[in-house]
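Visitor: Can you keep this structure in mind? I'll have questions shortly.
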Amino acid sequence: MEKTFLMVKPDGVQRGLIGEIVSRFEKKGFQLVGAKLMTISKELAEQHYGEHKERPFFGDLVEFITSGPVFAMVWQGENVIHTARQMMGSTNPKDAVQGTIRGDFGLTVGKNIIHGSDSTESAEREISLFFKDAELEEYSKLINSWIY
Ligand code: DAT
Ligand code: MG
């Protein structure tokens, strides 16, 4: 089953949005297979956002993502990578459709509440950056027979 890496950023944690965000993915039918509250080191932040290292906002991005605890998660389900990105909304909350997480809760691109992997490759890379295999649970839920 497909897996993705999702993370409530420091602004989302401070604003008390962990429960709301987890709830949206649970209600959609996705299954949580790993989660932890953690503070990201500068090294991990630079690896995680490595694709943006030449961008002018890179320094601010690393500073922001390491500024307080994040809630890191692995979710699984059919098409979870693509669907989670849709549920998050556009990178800049000003362009994000109402009903999406960024559309409902964010105002600025620098504080856009949630991260989600954007491809199969980045999902695999990000999951292994943040989680050991032993931190991920494999379990079945009876309700899955009412979702699939
Ligand atoms: P996403 O988080 O939607 O995958 P991204 O990978 O392009 O977006 O960028 C990573 C993060 O960097 C994004 O969530 C917020 C920040 N960011 C992106 N573009 C920015 C910009 N023009 N100014 C400031 N921060 C930006
Ligand atoms: Mg991205």
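Each Cβ is built from the backbone N, Cα and C atoms, and glycine gets one as well.
Got these off TrEMBL a minute ago, pasting:
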type	residues	note
ACT_SITE	H115	active site, pros-phosphohistidine intermediate
BINDING	K9, F57, R85, T91, R102, N112	ATP binding site
DOMAIN	1-138	domain 'Nucleoside diphosphate kinase-like'
MOD_RES	T91	phosphothreonine
MOD_RES	S122	phosphoserine
Visitor: Taking helix as H, G and I and strand as E and B in DSSP, count the residues of the domain 'Nucleoside diphosphate kinase-like' (1-138) in helix, strand and coil.
Guide: 62 helix, 28 strand, 48 coil
Visitor: Ranking the recorded positions T91, N112, S122 by other Cβ atoms within 10 Å, which is at the bottom?
Guide: T91
Visitor: Counting across all protein chains shown, how many other Cβ atoms sit within 10 Å of the Cβ of R102 (ATP binding site)?
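Guide: Other Cβ atoms within 10 Å of R102 (ATP binding site): 23.
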Visitor: Under 6 Å from ligand 1 by Cβ, which recorded positions from T91, N112, S122?
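Guide: List returned for ligand 1: T91, N112.
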Visitor: If you count the other Cβ atoms within 10 Å of each Cβ, which of the recorded positions K9, H115 comes out on top?
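Guide: Top count of Cβ atoms within 10 Å goes to K9.
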